[in-house]
Ligand SMILES: C[S@@+](CC[C@H](N)C(=O)[O-])C[C@H]1O[C@@H](n2cnc3c(N)ncnc32)[C@H](O)[C@@H]1O
């Protein structure tokens, strides 16, 4: 029997709420359980991510149009309404009648009265021209932006404080846009030109990255799934965001280098620098979580990289055997992930200022301990996928003032490289490169 994409989306949304799991995990797991065609797969992903990206706005509509108190509405019916509003407001290609009728059908499967309830609310929304007035922007700018972009008020205020209101607004807007797939060509296995030719042959459309030579942005997969892209099985490419590839690019990898990656799973940066070593040297790839090490080894195996040694190790502990052993140490620290909201919209709703602040001493400690592994003259890289000055610049500034034997090395003429989805069309990302001075 053909699986209904809306029914599946509802099941996924209900499960995300009940199990408090990341949306991409539940979505991936559920989609894998069914033989589902690519159009339904796309619709399901779009509905799930679209609802999560716009949840506060959609809930605002429900609150404004429902006679019943929001907290009294059945949780599944809330998700049906969210999906209905999302289709009406954001999916131009879906006829209004289909959006309403399909939502009513789902609600009726719970109860007849829920069917009429959903029908009434969605039709009222259409009657109002699908426009519900938001809180006044001048009088309540934070509340207005919070609802408009579905960012919690604390995060709106936090980004405004760091970047100013105009930049923060662009950042929220672009953080709600699903990113393109980005690919790193495994230049150990195929040249960029030869790989582009194989994509041309199967009609996959792409653009070259302006930041990374071996980076490609996929515009249109021409119906292929990622695993069906030619060369996947043979390790012709890895999936990695362009921002994350910048760590490898600016690491200054030379043949024969010893590189330690203290927070390596799932292995994006590890496999990139291993590739840049041209089958020489060694990358010691470590992570705290045993179960995640498997991801590094799967990636390394598929990419046919033999110069990676994978180990479980807590970066908060000192490994005396590695003191001053590395040409390059990479600290891709655990962080709040505010730069990858476009991939994981759940991050908007499950973080708090307190949870961000709790990360700072951990990041500081990992950086300080890892710096001991750098050889004199070697390189220390600190990176995060977050946009928070306390987890980024301030960590590095305080490290440098406590470690006078390290100095900052400019990246593209700046002390630190910060990438923004709104400016660079990458994940939000921070990189600092430091050099250990020779005596
Ligand atoms: C940002 S992710 C790393 C991403 C990875 N570098 C990549 O490019 O694919 C941070 C990693 O730090 C790991 N981690 C968290 N605390 C750690 C610790 N105390 N020691 C080592 N790894 C840790 C997490 O398991 C997670 O895999």
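Yeah, the Cβs are placed from backbone N, Cα and C, and that goes for glycine too.
From the candidate list 220, 241, 287, the residue TrEMBL records in the S-adenosyl-L-methionine site shared with 263, 264, 265, 266, 267, 268, 269, 314, 332 is 287.
Across the residues the record lists as binding S-adenosyl-L-methionine (263, 264, 265, 266, 267, 268, 269, 287, 314, 332), the two Cα atoms farthest apart are 19 Å from each other.
Around the Cβ of residue 263 (S-adenosyl-L-methionine binding site), a 10 Å sphere holds 23 further Cβ atoms from the protein chains shown. Taken as a whole, the domain 'SAM-dependent MTase RsmB/NOP-type' (171-437) shows an average pLDDT of 97 in this prediction. Counting only residues at least six positions away in the same chain, the Cβ atoms of 285, 295, 296, 299, 300, 308 sit under 8 Å from the Cβ of residue 267 (S-adenosyl-L-methionine binding site).
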